Amino acid sequence: MQSARNEQRGTGPESPHAASPTEGFEVLLITGMSGAGRSHAAHSIEDMGWYVVDNMPPKLLEPMVDMMTASKSGFHKLAAVIDVRSRDYFMDLSSVLSHLDDLGLKTRILFLDADDNVLVKRFESVRRPHPLQQGNRLIDGIHEERRLLENLEERADIVINTSKLSIHQLSTKLYEALTGNGPTTVSVHIFSFGFKYGIPIDADFVADVRFLPNPYWVPQLRELNGHDAPVSEYVLSNDKATQFLDAYEKAIEIAIQGYAQEDKHYVTIAIGCTGGQHRSVAMSEALASRLRSHGLSVSVSARELDRKTQ
């Protein structure tokens with residue numbers, strides 16, 4: 001990381017204040033007791049947009065950061081999982097993390113723990129030996145691992161005891177700890193479509209608004225679409241459209257609250273009419289506006305607008 005260090009220290013003669021390529025890059029070390037949920041944590045953290053590497057020796061952290069910043073991969077968060085099978089590398093950890101801190105990297109340690117009796121039950125349920133058991137009792141392996149990791153737990157930035165947590169609850173705690181945003185937020189994507197071109201297979205909800213009067217049969221509206229004010233006004237002025245939006249808004253709001261509790265980060269809503277040009281487009285935009293009023297992040301697209309109106 002010589003070039004990164006030079007830029008950060010301002011040794012470049014032409015741009016003494018040039019930003020380091022590692023500026024804003026984050027490193028998270030995932031460690032803790034075997035059976036405490038490291039694998040589940042890694043999957044959840046990957047879903048949050050981190051690049052996750054399993055069983056990485058600490059000495060490879062710096063070259064990995066170099067490679068990711070040089071390749072402009074789009075990832076600016078690296079999470080590395082380290083367990084007791086790489087315990088020979090722990091002696092390198094302190095110096096490596098100190099060096100990364102000197103480079104201006106935001107580096108944190110996540111330590112996952114669980115009570116001994118819970119760990120015993122988890123290992124027995126999967127009928128696997130503890131990695132440090134070595135022919136001894138299961139509890140002996142757990143005690144040895146706890147001894148090895150004692151100092152690492154003390155210097156951890158985030159410690160989570162998973163004894164009483166479900167997988168979803170662990171994911172929620174990780175999201176809160178790593179983002180500082182409180183409970184899981186759910187992003188909503190709404191898209192309009194035409195039933196004549198097929199029902200989408202990737203939607204969580206599919207709504208049929210073909211019960212509304214069709215602007216296609218109004219000559220002055222036929223060549224327009226649901227983004228145009230005359231069409232939107234025609235569709236939304238119908239009492240049934242308002243009743244539908246009132247009911248659907250409430251249903252979606254309840255579902256999103258449940259999705260957040262289950263750690264689902266996004267929901268896709270498809271709204272269809274015959275050709276996907278008029279009613280579904282106008283209703284998608286109207287629903288999006290309502291959901292945004294609740295503070296939700298909502299995006300909208302129209303699947304069929306590139307098709308010629310028929």
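Glycine is treated like the rest: Cβ placed from N, Cα and C.
According to Swiss-Prot, the region 'Disordered' annotation covers 1-21. As annotated by Swiss-Prot, ATP binding site applies to Gly32, Met33, Ser34, Gly35, Ala36, Gly37, Arg38, Ser39. Positions annotated as GTP binding site by Swiss-Prot: Asp83, Val84, Arg85, Ser86.
Locations of recorded Swiss-Prot features on the structure.
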| residue | record | Cβ within 10 Å |
| --- | --- | --- |
| Gly32 | ATP binding site | 28 |
| Met33 | ATP binding site | 26 |
| Ser34 | ATP binding site | 23 |
| Gly35 | ATP binding site | 23 |
| Ala36 | ATP binding site | 24 |
| Gly37 | ATP binding site | 25 |
| Arg38 | ATP binding site | 21 |
| Ser39 | ATP binding site | 14 |
